[in-house]
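Colleague: The transmembrane segment annotation in TrEMBL covers B:6-29, B:41-61, B:73-97, B:109-127, B:133-157, B:169-193.
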Amino acid sequence: MDHLKLTRILVLLGMVLMLLMPGVSAHRVYVQEQITEVEIKAWFGGGDPMPNADVSVYAIKNGEEELYIEDRTDSNGLFYFTPKLGVSEYRVVVSESGHKSEKTFNLAGGSAAETENAELPLSASVVAGFGYIIGIAGLALYFSSRKSKGQ
Amino acid sequence: MHISDGVLSFSVVAAGWAITLVLSALILWRCKYKYDMAEQIPKISIITGTFFVASLIHISIGPTSVHLLLNGLMGVVLGVFAFPAMLVGLTLQAFLFQHGGITTIGANNVIIGIPALISYWTFRFGYRKGINVAFMGALCGALGILLSGIFLAFILISTGEEFREVAYAALIAHLPVMVIEGIITGSVVSFLLKVRPELLPVDTEV
């Protein structure tokens, strides 16, 4: 009987020690992703890059904008910058003698306000444009014919 | 040559709209009595359609990308109607192709439309002097682009850009466009004079 009791105590002791062990031997570990470079691409409608255009990067923190970097795109219309530590939201403005576009984005992944509208396919735009022109011509012809009838 | 939204200050945008709307209304009002509009409208529509899609033709020579404007051709073929017709074309380009801004349609119409009018008057002057028509057409086609570059630089002064720098850059970039549009305008004009000379507005006083 004593022998059995001793085994029980030893097993219990072992279980308690095993429970305590992880708490003693492990350190807490932190993992966080860090984006070290952001690529900005600027191009004209039709796909040609916008080289040597002015780029202004504004860092947005707690809703307040602050000019972070001002530079120019390279010959391929690309521009790279290192994000400011702790700031994940940026507004980038690219302009080149009269052409200007901007984009607000969040590196943390949350979808920021989209500044670009979804474009119609080009062929659809062309057909739509001709449709408008024919429509306007039709209206104008209607009014001019009504006027000449009235005379 | 198209200026985007957010580049110009409010007063320049407002002035652009004012000039565009007043001049368009004036032209349409005067021409109501001078022309048979039912005859003009099909021609205006065809040229406006050409202008509308011409901006999709990109020419990538050198560092910048430029597209055809055809404002010289528009002026020579449509006469003073080029200005109001351009308002239609530019509006459609802004909404459908995102070429230029929506608030800046007025300013863009001034930049592109006034050179079209000057091209027209230059062409009419040369035609009456009996100068070779193909040559005058080519000259006016290129003149439209040249003047647009200068107008663009003038308007961009208000944003703090250096006039000479912008004008220089725009004109260098548009040199190939000037050559191409000169050829297009010259051949269209000489073709029209052979086939339907009454289509060219050279005998009117507006």
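Note that Cβ sites are derived from N, Cα and C of the backbone, with glycine treated the same way.
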Colleague: Using a Cβ cut-off under 8 Å, which residues of the same chain at least 6 positions beyond either end of the transmembrane segment (B:73-97) come close to it?
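Modeller: Distal contacts: 2, 20, 23-24, 27-28, 31, 40, 43-44, 47-48, 50-52, 55-56, 105, 108-109, 112-120, 123, 137, 140-141, 144, 181, 184-185, 188-189, 192, 199-201, 204, 206.
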Colleague: Please work out which recorded stretch in B:6-29, B:41-61, B:133-157, B:169-193 has the most C-beta pairs separated by under 8 angstroms from the transmembrane segment (B:109-127)?
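Modeller: Checked against B:6-29, B:41-61, B:133-157, B:169-193; highest Cβ contact count belongs to B:133-157.
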Colleague: Report, as numbers and ranges, which residues of the same chain sit near the transmembrane segment (B:169-193): CB under 8 Å and 6 or more residues beyond its ends.
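Modeller: Contacts of the transmembrane segment (B:169-193) (Cβ under 8 Å, skipping residues fewer than 6 from its ends): 1, 59, 61-64, 66-70, 72-73, 76-77, 123, 133-142, 144-146, 148-150, 152-153, 199-200.
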Colleague: Using a Cβ cut-off of under 8 Å, list the residues of the same chain at least 6 residues beyond the transmembrane segment (B:133-157) that approach it.
Modeller: 1, 3, 7-8, 12, 16, 69-76, 107, 110-112, 114-116, 118-120, 122-123, 126-127, 163-164, 166-167, 170-171, 174, 177-179, 181-190, 193
